[in-house]
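Record features (TrEMBL):
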REGION    1-35  region 'Disordered'
COMPBIAS  1-13  compositional bias 'Basic and acidic residues'
TRANSMEM  58-78  transmembrane segment
TRANSMEM  98-116  transmembrane segment
TRANSMEM  128-146  transmembrane segment
TRANSMEM  152-173  transmembrane segment
TRANSMEM  185-205  transmembrane segment
TRANSMEM  217-236  transmembrane segment
TRANSMEM  262-280  transmembrane segment
TRANSMEM  292-311  transmembrane segment
TRANSMEM  323-346  transmembrane segment
TRANSMEM  352-378  transmembrane segment
TRANSMEM  390-413  transmembrane segment
TRANSMEM  425-445  transmembrane segment
C-alpha cells in the first residue's frame, strides 16, 4: 500500500491520541485503495483521537464493505444492463449510445474523489455519505420509472454515478483513518465488498427481471441498497480531527506529466483502463449472440467478479514484497493477453468451457490491476506532490473510463452488432500497449530507487 510519513506511523502505532504536525489523513478513489493526503495543520497537534483499529475501527470496515457492495458492486453488473437494454427499453439505440450510460457512471466514481475526500477531511463523512446514500436509492427508483433514453441516462448514469462515488469514497477514506499498520488488510477486506456485489447483483437482476421485469428488479435493488446503506451510515465514522479548508491546495497539475515515471504511468493506465471494461460490458451480449442460454450469458459477469476477489487480495499481497509496479505491469499484460488469446477466438469458435475459462482468467487479472492503481500512483513521485498527483491521476482515469466503452460500442455498431472482433482487438491491444508503457515507467522507477522491487 501507500507509504506514509514516519510521523503518521508513529502516531498510529502508539494510538495515544496525539497527532503530530505532519500527521497525514487519507483520501480514496475507485482503485480500491487509499493514499495519504496533505498533512494536518499544526493547530491540530494536540487534538485527541481514538486509538488505532479496535472495535470501532473494524465496525467501520464492515460499514465500508457495505458501501462498496452497494456502489461499485452494483456498477459491476453493467453487462446485465447493457444486454437487457439492447433487447428491451433501448432496443432502438446503438450499443455505443447505451454504453455512455455506464461510462458516465464509472467516470463519476473517479472524478469527484478529490472533492469528496477534502469534504470528509473538513466536515467528516456525514455530509458526503448521507446525501450519497439517498441519491443511490433515489436514482434506482427513478430508473425503474424511466422509459426514455435521456431519463435512464440522467437517473442511472449521472445521479447514481454521483451518489455511488460519494458513498464509495466516504467508506474507504474512513477505513484509511482507522488503520495505519494494517491498512492494506483493512482496505482489502472493504474492497472485497465490491467483488461480492459484482457476483450477487448480476444473478439477482437476471432472475428477478425474468419474473417481474427490469423495473421491478430495480425497485427491489433500491430497497436492498437502501436498507444496507441505512445500516452503513451508523458504522462509518471518522477517526481523525477535522482539518481547515485550504483553498490554495492544487487538485490538478499538468506539469506532473513532465515527470517520466508519472507521465508513463498515467499514459499506460489510461490505455489499459480504456480497454479493460470491454468484457464487463459486452461478454454477455456476445454469448447471447452465439446462442448461449441467457442464464449462462448473464452469469459470466458474476464469474468475472467472483474470480476478481482473489485477484484483489493475492497480487497486492505479493506487491508489497516484489514491488507494486512489477505486479501491475504483469496484470496489464495478462489482461490484454487473455482478451486476445481467449476471448477473441471465441468469436469464431464458441464453446462453453472457453468462455468460462476466459471469464475466470480475465476477472483475476483485471481485479488485481484495478486494486493496484492507487498504490502505484502514490509511488510514482515524491511525497510532497502526492495530493496533486492523486487528483491529476483521478482526472486521467475519469477520461479513460468515460470514453472507452462508447468507443467499443461504436466499433460494434460499425460491424452490425454481430461481429465482436473489432471490439475485442481494441480492448486487448489497448491493455497490451498500456502494459508496454508501464514497463517504461517501471524501468525509470528502478533507476530512481536503485532496486528492481518497484
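Backbone N, Cα and C define each Cβ position, glycine as well.
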At an 8 Å Cβ cut-off, counting only pairs 6 or more apart in sequence, do the transmembrane segment (292-311) and the transmembrane segment (185-205) clear the bar of 3 or more pairs?
yes
Of the stretches 98-116, 185-205, 217-236, 323-346, 425-445, which racks up the most C-beta pairs under 8 Å with the transmembrane segment (58-78)?
185-205
Seg_contact(the transmembrane segment (217-236), the transmembrane segment (262-280)) with at least 3 CB pairs under 8 angstroms, min sep 6:
no
Interface check, the transmembrane segment (98-116) with the transmembrane segment (425-445), three or more C-beta pairs under 8 A:
no
Using Cβ distances below 8 Å and needing 3 or more such pairs, separated by at least 6 in sequence, tell me whether the transmembrane segment (390-413) contacts the transmembrane segment (262-280).
yes
Intrachain residues whose Cβ lies under 8 Å of the transmembrane segment (152-173), provided they are six or more past its termini:
25-30, 32-34, 63-68, 70-72, 74-75, 81, 85, 89-90, 100-102, 104-113, 116-117, 120-121, 125, 128-129, 131-136, 138-140, 142-143, 146, 187, 190-191, 229, 232, 236, 238
